[in-house]
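*Asks:* Pulled these from TrEMBL:
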TRANSMEM  7-25  transmembrane segment
TRANSMEM  31-51  transmembrane segment
TRANSMEM  58-77  transmembrane segment
TRANSMEM  83-104  transmembrane segment
TRANSMEM  125-145  transmembrane segment
TRANSMEM  151-168  transmembrane segment
TRANSMEM  180-203  transmembrane segment
TRANSMEM  215-237  transmembrane segment
């Protein structure tokens, strides 16, 4: 059953990797970079789950959570078929990758234990952070690769990618960089650095934009990656420091 669920999740992730890749290839030049960026994001989730990287299940579930957000649009626009398909398929990815049996193939696998030796508390922090990164990186891509994106938006996207790589490699500065990136995106979306970047995300040429507006506000959700680490950081700073021994 675990193998079947994993195959379904991989099928859906591969479909959207190809879908956004074809959108980049065949669509207008203005959305080439955006389609390619989303294709790479979904492709990373696909290859990570297929290769059984220890963090890939969390990331793929985060990408699934991103797609599930579009189900809330149905409350406003009604049962638009393409939004139903997009949201339900992403929900299926999340459901297929849930459970202790699936976790045993990834973060609780023998290979992950030997290489990373993560304690349960550290694993819980990484789980929440990587899921948040999977949910918000597509929003950061929409922000950074929006048509007529400037150096600021591209730089923040690059910083977010670097922060994510550092996060999955266990570097403590990774989530901090992602949080700072999200904060700057939010400031840009609020117009602090000038006219805010307007971004959009469409699921088809004949449908209404699924997202349209101040993309920096959406990308500001990247700050959520930092939240699981705030309480442990405060506990560490408030803990009494052991006196150093003089030689």
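Cβ atoms are placed via backbone N, Cα and C, with glycine included.
Unlike curated entries, TrEMBL annotations are predicted automatically.
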*Asks:* Could you tell me what the rest of the chain brings near the transmembrane segment (83-104), counting residues at least six beyond its ends with Cβ under 8 Å?
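*Replies:* Distant contacts of the transmembrane segment (83-104): 1-2, 5-6, 8-9, 12-13, 15-16, 49, 57, 60-61, 63-71, 73-74, 77, 203, 207, 210.
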*Asks:* Between the stretches 7-25, 125-145, 151-168, 180-203, which one has more Cβ pairs under 8 Å with the transmembrane segment (31-51) than any other?
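*Replies:* When the Cβ pairs under 8 Å are tallied, 7-25 comes out ahead.
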*Asks:* Are the transmembrane segment (215-237) and the transmembrane segment (7-25) close, by which I mean at least 3 Cβ pairs under 8 Å that are 6+ residues apart in sequence?
*Replies:* no
*Asks:* For the transmembrane segment (58-77), what are the same-chain contacts with Cβ under 8 Å, counting residues 6+ beyond its ends?
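*Replies:* Same-chain contacts beyond the ends: 9, 13, 41-42, 44-46, 48-49, 83-84, 86-94, 97-98, 106-107, 126-127, 130-139, 168, 208, 210.
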